[in-house]
Amino acid sequence: MENGEKAAETVVVGNYVEMDKEGKASDIKSKLSDMFWHGGSAYDAWFSCASNQVAQVLLTLPYSFSQLGMLSGILFQLFYGILGSWTAYLISILYVEYRTRKEREKVNFRNHVIQWFEVLDGLLGKHWRNVGLAFNCTFLLFGSVIQLIACASNIYYINDNLDKRTWTYIFGACCATTVFIPSFHNYRIWSFLGLLMTTYTAWYLTIASILHGQVQGVKHSGPSKLVLYFTGATNILYTFGGHAVTVEIMHAMWKPQKFKSIYLFATLYVLTLTLPSASAVYWAFGDLLLNHSNAFALLPKNLYRDFAVVLMLIHQFITFGFACTPLYFVWEKLIGMHECRSMCKRAAARLPVVIPIWFLAIIFPFFGPINSTVGSLLVSFTVYIIPALAHIFTFRSSAARENAVEQPPRFLGRWTGAFTINAFIVVWVFIVGFGFGGWASMINFVHQIDTFGLFTKCYQCPPPVMASPPPISHPHFNHTHGL
């Protein structure tokens, strides 16, 4: 079996030349390009996974803690972190299996980026492809919407001269420039910087909350309602469901079979950011967070907070690119532009993808509640249920298991253990994530619409301070007039 695995590894890596640096002059320009632009190592994949996973949700996790309570918030982060790492591992296994089979058939992927729906198509057929494509594209569409909403929500805490809707218009135009980034292979410097930015923000939230101390009369009443409890739980489900772009990140690697444990290590690092920051902010502000889904809203305005806001804005631009790039690929393939060599033509062809994202961000500007809704209705299937079922059905026959490129870990019980874990994930996520989570998040989402309305101009903005009216001056009457 070891010889077979080595042979499969050779097949996977052998034809994977589109990211190699063949025939390039080793001048200063090409070295700088390699350093900042051309990524494909395991480290690049780790930075991409960690940077993409933590994103703007860092600012909404304290809100989730106020809904769940401290203990449940911590336990759900650990639990969904493990589940997310496992399903990311399953996706990586299915990718390598699909690619190995195709390259044995002499299929060349030099100018083609493999995506999750193509893996499902190649392994399980068109019906799986259609379901995977629908869920994946819808999730990534709303994932991009969430990043755009987060940009407007954050910048408002620095400059409130413009309302959040106007900021959404502005940042929609800025984020549209991601059409010029060819693929995940070119996110090397952005992923690195993005993770530094979220690391600073997480520790700023932690330290600033501790130094601020608890507000007077602070209450920690969560969990108080089932609706709020499952809404908070599905936001954490969404947090650790960022591996909808796993296949594209793997395809950008020079040796994609090394991805197996990368997502787990990325999750472990992310937990060092999310657990302290969410716990500290909730400890300091308690139930006040129930009406402030963005943690920045409660921290005092100063240079450190403004710096964190600016860093998160830049990071949300990066994460918008992460979520939108797979949609660009799908659109390119649909209109026959995916293998076009001209990046300018491809960029122009990608622009229509940004328009519905821009529009949806203006309709549903509910920063925080929209995360839970997307988590329960889309993430639950896209990155938990479908990968687990796909792994079971791909290797349901004994022949498929014997010829598998990658065998499940021995310490987990090989195939029996893997299938048991998969079945548990399917049942748990369907009942708790999609069922209870969908019920709770939809009630909360509808409540936001009833309270603020669609196309609301400034979601959760403080009411404007009314200027005091000028004193009424009584006219001086000449009582002797007319006498």
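Positions of Cβ are set from backbone N, Cα and C atoms, glycine also.
Now, the feature entries from TrEMBL:
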- 38-431: domain 'Amino acid transporter transmembrane' (DOMAIN)
- 74-96: transmembrane segment (TRANSMEM)
- 133-155: transmembrane segment (TRANSMEM)
- 167-185: transmembrane segment (TRANSMEM)
- 192-215: transmembrane segment (TRANSMEM)
- 227-250: transmembrane segment (TRANSMEM)
- 262-285: transmembrane segment (TRANSMEM)
- 307-331: transmembrane segment (TRANSMEM)
- 351-368: transmembrane segment (TRANSMEM)
- 374-394: transmembrane segment (TRANSMEM)
- 415-439: transmembrane segment (TRANSMEM)
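Most Cβ pairs under 8 Å with the transmembrane segment (351-368) belong to 133-155, among the candidate stretches 133-155, 192-215, 262-285, 374-394. Here the transmembrane segment (262-285) does not lie next to the transmembrane segment (133-155) in space: the count of CB pairs under 8 Å, restricted to residues six or more apart, is fewer than 3. Beyond the transmembrane segment (307-331), the same-chain residues lying 6 or more positions past its ends with a Cβ under 8 Å from any Cβ of the stretch are 48, 51-52, 55-56, 58-59, 113, 115, 117, 133, 136-137, 140-141, 143-144, 147-148, 150-151, 154-155, 157-158, 171, 174-175, 178-179, 181, 183-184, 187, 190-191, 193-194, 197-198, 200-201, 204-205, 244-245, 248, 296, 338, 346, 349-350, 352-354, 357. With pairs at least 6 apart in sequence, the transmembrane segment (167-185) and the transmembrane segment (374-394) have fewer than 3 Cβ pairs within the 8 Å limit; the two do not touch. Comparing 133-155, 167-185, 192-215, 227-250, 415-439 for CB pairs under 8 angstroms to the transmembrane segment (74-96), the maximum falls on 227-250. Pairs of Cβ atoms less than 8 Å apart link the transmembrane segment (227-250) most often to 415-439, out of 167-185, 192-215, 415-439. Proximity of distant same-chain residues to the transmembrane segment (192-215), defined by a Cβ-Cβ separation under 8 Å and at least 6 residues beyond the stretch ends, is recorded for 47, 50-52, 54-55, 58-59, 62, 273-274, 276-277, 280-281, 283-286, 288, 295, 299-300, 304-305, 307-308, 311-312, 314-315, 318-319.
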